[in-house]
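One structure is given below, encoded as structure tokens.
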């Protein structure tokens, strides 16, 4: 049963009004419910149990709760590894312990090739681009000086400070671009210094330090290309590093330069003459004395370890082939022992005083020869008497009957 009322001349069905309002509220609530359900779906595990108890009698809500529970009980699926992705990819497993899988795109076992491939991605610069980058670097340095000078004062406008920071950031980007575009120049120069005691990658690293210095000191207003200017800084960095690190015994830088110059001249003269040049020829070419040439050649020699392995198997060392000059040769030791026995047998043919004077005079007992005065004090006679005894005893020893057995040891 419905009742109708008139409002401002219009008929209104009062019984249908609550039904229309309910329909409107339901239509408005459906998007909100759908949005809430969408928001709850990622966090299915945290769905409160209390809300499921309240909606126990409603079929639609109950089915939603069942779906939520099923989502919460599902095991995490492993992520599909994209072969085009880079870096590390974490794949979830049943134990919830992520496995680390390394995706190496185009990597090789040779670090030099990897480095060359990486630096080859940056295009080379022309003269105009180098000037443009140099201008941006200079602007960044100027902005940094202005910002540092006005840091103490609080009068700088925030907008101006932000502009300075942007210019500084752009200058750093330009500096990195200029560096990366000239890394191949370092590699080409480092190749000339290989085989001199340092690894190729170490030479590149030291050359990169010289390249950084060249970027900081480059003056574009001179009109030269950056590579022409940077070459000298790169060479200096590499040669200084070789002088400090390449040798076991460090040699001063100026002496290393002399050694390198001597080596270049020696190689050139070897090609021209077809033989090794003499120190006199090298001295004439280098405008120094032959003695100085020999001295520089000694400085240029590299020490070698006695433990350097020899042979293909490396079962022997270089020290095994070096003779110990201080070691006693077995043959000499036997000869010395026999000589001592023969001397004692010859001295036994003399009197006790004569044998004692000769033994002390020539140090046959302790290896320390004594003077006539020292021997005279031992026997309580004058030095002249000791000299007479020595002279008489030596005459006896020169007799063939005694000296013949000792002549074989003179050779």
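Think of each number as a place in line: the chain as shown, counted from 1.
For all residues, glycine too, the Cβ spot is worked out from N, Cα and C.
Automatic, uncurated: that is what TrEMBL annotation is.
According to TrEMBL, the feature region 'Disordered' maps to 1-84. Residues annotated as compositional bias 'Low complexity' in TrEMBL: 11-41. The compositional bias 'Basic residues' annotation in TrEMBL covers 42-54. Residues annotated as compositional bias 'Acidic residues' in TrEMBL: 59-73. For 178-248, the entry in TrEMBL reads region 'Sigma-70 factor domain-2'. Per TrEMBL, the feature domain 'RNA polymerase sigma-70' maps to 202-215, 371-397. Under the heading motif 'Interaction with polymerase core subunit RpoC', TrEMBL lists 202-205. What TrEMBL lists as region 'Sigma-70 factor domain-3' is 257-333. The region 'Sigma-70 factor domain-4' annotation in TrEMBL covers 346-399. Per TrEMBL, DNA-binding region is recorded for 372-391.
Non-local neighbours of the domain 'RNA polymerase sigma-70' (202-215) in the same chain are 115, 137, 175, 178-179, 182-183, 185-187, 189-190, 193-194, 226, 229-230, 232-238, 240-242, 245; each lies 6+ residues outside the stretch with a CB under 8 Å from one of its CB atoms. The residues of the region 'Sigma-70 factor domain-3' (257-333), classed with DSSP into helix (H, G, I), strand (E, B) and coil, number 43 helix, 4 strand, 30 coil. Helix, strand and coil residue tallies for the domain 'RNA polymerase sigma-70' (202-215), in that order: 14 helix, 0 strand, 0 coil [DSSP].
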